[in-house]
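This report refers to the structure that appears directly beneath it.
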Amino acid sequence: MSRVLGISHSEALPYTKRMDDCIPLGDYDPEFRVSSDSGLASLSPIEDDIASDNVNLYSFSNGIPFEYRLMSWFEGKLSPFVASRPWLNRILTGFNRISCIICSLLTRPMLLLGAAHILIMVSVLNGMGAGSKVFNLLAHLIKGSVFFYYGVFAFCKALGCFADWGWAWNIKPPSTSRFINAIPSSEFVEASLILLYGSTNIFLEHLGGAGGAWSAMDLQHVSIAFLYLGCGICGVLFESKTARNLFNFSLNSIGVHNGDAYAVAPVQYRHSFNPFPAFTVFWTGALMSQHQQMTMLSTAIHMAWGYLLSAGAILRFVTYSILYIRPPESYLPSRPITEILASFCLICGGMVFCLSNAQTVEAMLHMKLSIMFVLNVSVGISILFMAWLIILLVIKGWGFKRAAIAAGSA
């Protein structure tokens, strides 16, 4: 059955590999017994059936679990049975695909869940978020984490992740998978998330004063949600091929047809140069850097992460400018250096954002710490985290290379 599911015999049954101390069951010596054999009985009826079929199984002198030998026997029996019945093969193949999808859906969010557990652990151990203070704490931790992981996502793209989806600043390679062919651009995903955030955050900015009158401060925060809502809509429509074709209605009205030599689509059409996600990040940083706080320290911290986010957005604009002048011409990742710097600004800015909550600032004032402490710690942890990401991706690439070599030699 493992062959039907696309798993090699050696992968499914690692204990049935040839060893120097193993003997075939057909040459079984009744005088020889493994340490776990009491000698009170001979082979079981199932083992007799296996031995009579001359299945090439091995009994290790140090004792091999019978389940693995039985599984190997079932594999030899069921593989021809399944191969002769295409409908059963399709069912098992579909079950395998569904199992892989469910496994991916359950394992991929582990990174986010782990980060959430760390933030909750730190908050609980320090007694933070009591009473109505939980809203300010959650707002800074959640929004700061969003920008932090946005930077992680940008950094992974710059290193070459998602190249098979065309997200690594490269040409999307052809694929026989309908799923990969249906994947939109990364800018469309970013714009969709911005739209989702803007449409939901409008109703969340008044949680701290639920039931009371809306203040000018509430409107000030909600207006940022309007920015996200508008930029999300613009970004999604900008990525729509239908909308782009409709933008050319003036040319269609005068009878320009595809046969015209000047009606060929520019090479820039193969790539997405959507400025609205970066536009959103830039104005978020610019506006929040001018957010007046109750203390000078809190104002300085908000100004720091606001400048970091704006710098990351400016570097994204520089990336677009470079690639617009000379678009990617290869399936391999371009790895623009401006994206490395932009991802650092986003990662560090998101971390400083998390530290700008009211209770953390109060603790810093109590311990007489300055903005220099926040920046030094955030910059150091951010660059160490980026180094850890590079190490993980190197290990992943090494694993894929080893698997490819093993598959080629099998």
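Keep in mind that glycine also has a Cβ here, set from the backbone N, Cα and C atoms.
TrEMBL lists 116-396 with the feature domain 'Protein YTP1-like C-terminal'. Taken from TrEMBL, the feature transmembrane segment covers 111-135, 147-167, 179-199, 219-238, 304-325, 337-358, 370-395.
Touching of the transmembrane segment (337-358) and the transmembrane segment (147-167) is concluded from the presence of at least three CB pairs under 8 A, sequence neighbours closer than 6 excluded. Outside the transmembrane segment (147-167) by six or more residues, the chain places 112, 115, 173, 175, 180, 183, 185-186, 190, 281, 309, 312, 316, 331-333, 335-336, 339-340, 342-351, 353-354, 386, 389-390, 393 with a CB less than 8 A from a CB of the stretch.
Through the fold, the transmembrane segment (304-325) approaches residues 144, 147, 151, 154, 169, 268, 271, 273, 275, 277-279, 281-282, 284-291, 334, 336, 338-339, 341-346, 348-350, 352-353, 356, 371, 374-375 of its own chain, all at least 6 residues removed from its boundaries and within a Cβ separation under 8 Å. For the transmembrane segment (219-238), the list of distant contacts is 187-188, 190-199, 201-202, 205-206, 244, 274, 276-277, 279-280, 283-284, 287: same-chain residues at least six beyond its ends, Cβ to Cβ under 8 Å. When averaged over the domain 'Protein YTP1-like C-terminal' (116-396), pLDDT in the model lands at 89.
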